[in-house]
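Comments concern the structure below.
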Amino acid sequence: MIREPTPRPSQRQSGGNQPIRVILVEDDFDLRQGLTDFLRLNALAVTAVANGAEFDRAFATENFDIAILDLNLPDISGFEIARYITENTNLGIIILTARTLRDDKLRGYAEGANLYLTKPVDGDELVLAIKNLADRIVQTGETSKPPVEPATGWRFDSAARRLVSPQGIAIRLSGREAKLVSRLAEEGGRIVSRAELVRAMGYGEMTPETRSLDAVLRRLRVKAREAGLELPVHVIHAAGFQFSGEIIMR
């Protein structure tokens with residue numbers, strides 16, 4: 001199973017003076033800023049992010065009580081974030097979206113959402129929803145779930161085609177890149193021959209086409225460097241390829 005960036009349960013205590021800590025995931029700048037200002041005026045501590053990668057980085061370093069999620073994000077579905085939160089933390093989840101279809105609502109609840117609100121939302125209603133949900137989480141003892149230890153290695157989510165660094169920086173992968181990482185991750189640091197990788201990536205037997213493998217790896221390295229990362233994939237002369245860092249698959 002993948003361990004995403006440093007998930008921790010809520011640590012808010014009932015009746016305490018600590019403000020409710022909210023992470024808001026919303027890609028629309030004006031709406032994100034407006035909601036952030038309004039929630040802060042109502043004594044809530046808000047961290048606002050625009051996409052899944054920023055969510056990963058914030059979650060790696062901060063504790064939260066409530067997550068407010070848009071669904072239509074540029075790099076990941078809000079449903080995927082909701083599922084991750086549900087599987088790894090005890091945070092309350094509020095989906096806030098323009099999507100009003102019954103199937104979307106049902107999926108939202110199936111992924112673990114406590115509330116599914118549609119835009120435009122009344123600010124006072126949202127504040128009350130956050131406060132009531134946070135209090136209910138404390139009163140029902142959900143905060144007692146042990147925290148998950150911080151991730152020390154890379155994490156690969158094959159379904160989402162996402163590779164996350166130990167620092168919580170996410171890289172979105174193409175289909176070929178995902179197959180490459182998946183096959184290397186399966187070996188847990190052992191060397192994988194070029195022929196094995198070629199077959200895993202669907203290129204068939206060894207042909208001139210197999211040089212596409214090198215092109216895929218080059219593109220993946222470029223993506224990593226653009227994100228400020230060094231990909232721990234090494235070419236071992238006359239042997240094959242190796243992912244030398246710790247990597248956990250989902």
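Here the Cβ of each residue, glycine as well, is placed from N, Cα and C on the backbone.
For 146-245, the entry in TrEMBL reads DNA-binding region. Taken from TrEMBL, the feature domain 'Response regulatory' covers 21-134. Sequence annotations record features per position, and here TrEMBL assigns domain 'OmpR/PhoB-type' to 146-245. The annotation 4-aspartylphosphate is assigned in TrEMBL to D70.
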Simplified to three states, DSSP reports D70 (4-aspartylphosphate) as coil
Taking all residues of the domain 'OmpR/PhoB-type' (146-245) together, what is their mean pLDDT? 82
Across all chains shown, how many C-beta atoms besides its own are within 10 angstroms of the C-beta of the residue listed as '4-aspartylphosphate'? 23
